Amino acid sequence: LPQSAPVYLSETAPARWRGAFTSSFNTFVVIGILSATITNYFTNRIPRWGWRVSLGLAAVPGVIVVVGAFFIPDTPSSLVLRGQPDRARAALQRIRGDGTNIDAEFKDIVHAVDEARRNDVGSFRRLFSKQYRHYLVAGLAVPVFYEFTGMIVISVFSPVLFRTVGFSSQKAILGSVINSMTNLVATVLSSFVMDRTGRRFLLIIGGIGMLLCEVAISWIMAGHLGKHQGVTMPHGYATAVLVLICLCTFSFGLSWAPLRWVVPAEIYPVEIRSAGQALSISVELCLSFVELQVFIALLCAMKYGVFLFYAVWLLAMTIFVAVFLPETKGVPLEAMRSVWTGHWYWRRFVKQDANHERQITGVSTN
């Protein structure tokens, strides 16, 4: 699902609303996390078998996804790539609406697929070639940096963090519920603004916000955790940590949480899109697994320093976005090469093809 859903949404969405459409995947992920956290809050009160209810309810969204998959068409790009232009045109007309003129958009999809077919080299070999190096770097940087925001461990282990700073078990889970609701509000807000403000602006603002919050959390924990003849910290400082975690989550939900799905799904050309997305998701899942295994050990060994560790990464990723990531807001997928040819650094790796650019950049963005 993380492999196919963002690509599907990206390929079917109109260019000017692509960010909102693609980020809706993250919105429903956050809704699922919030639902699971609320379920855990109530089932935690049921002795012995409450966990069975929590685990069993996870089957409900799985059933909805499986049934819903039978009612959606393939993407036009996929159908053209598989030699079914008539079905592709019908699918595009269905997606855009019966009264919409799709001639220009469909023509550009066909041109993009024809370009992809000119090279017989496999998708993964192309992805690792010099000509596609900019796609590879961006496609790997986004999931790697996403994992080192530190937010996945804050999300998963927030009850542990809240217990560490002094909350009871039940209040720690309630804190996680509040944190998940904050994430949902920020994610929905991001869906409304990312196609207006652009991807880079949100990534930079979100990175700076998380950086400041994590430095502040580290400062409070360094000064007060385990001090004052206690094993935790005074109530006022514990509350401040809760507020800072929620602010950090808001910055995350506004930026990196939805955009880690949006950016990799839209930067790749059609000939390497599936391979590039597969590589991005694989790297993210592997790093996520490793990070979840070692976070408790890091927290015990580094204590407050673990947040400074993530803060350094946040500084690095914010600089990377500001310097190396081009803006893709409103650019049709079939014209995505143009954002790289105009970039001060990556243009040296982009193969110049003037005829192809003239054909593609005339595509409608409606």
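Just so you know, glycine gets a Cβ as well, placed from its N, Cα and C.
The average pLDDT computed for the domain 'Major facilitator superfamily (MFS) profile' (1-329) is 86. According to TrEMBL, the feature domain 'Major facilitator superfamily (MFS) profile' maps to 1-329.
According to TrEMBL, the transmembrane segment annotation covers 25-43 (among others).
What TrEMBL lists as transmembrane segment is 49-72 (among others).
Here TrEMBL flags 135-161 (among others) as transmembrane segment. Within its own chain, the transmembrane segment (135-161) has Cβ neighbours under 8 Å at 33, 127-128, 169, 172-173, 175-176, 179-180, 183, 207, 210, 214, 241, 245, 248-249, 252, 256-257, 259-260, 263-264, 267-269, 272, 276-277, 279-281, 283-284, 287-288, 291-292, 295-296, 299, 306-307, 309-310, 313-314, 316-317, 320, 324-325, counting only residues six or more beyond its boundaries.
Taken from TrEMBL, the feature transmembrane segment applies to 173-194 (among others).
Cβ atoms under 8 Å from those of the transmembrane segment (201-225) belong to residues 149-151, 164-165, 190, 193-194, 232-234, 237, 240-241, 244-245, 247-248, 250-252, 254-256, 259, 303-308, 310-311, 314-315, 317-318, 321-322, 325 of the same chain, restricted to positions at least 6 beyond its ends. If you look up TrEMBL, you'll see 201-225 (among others) marked as transmembrane segment.
The feature transmembrane segment is assigned by TrEMBL to 237-257 (among others).
Outside the transmembrane segment (304-325), and at least 6 residues removed from its termini, the chain residues within Cβ reach (under 8 Å) are 137-138, 141, 145, 148-150, 199-200, 203-204, 207-208, 210-211, 214-215, 217-219, 221-222, 225, 263, 295, 298, 345-346. Taken from TrEMBL, the feature transmembrane segment covers 304-325 (among others).
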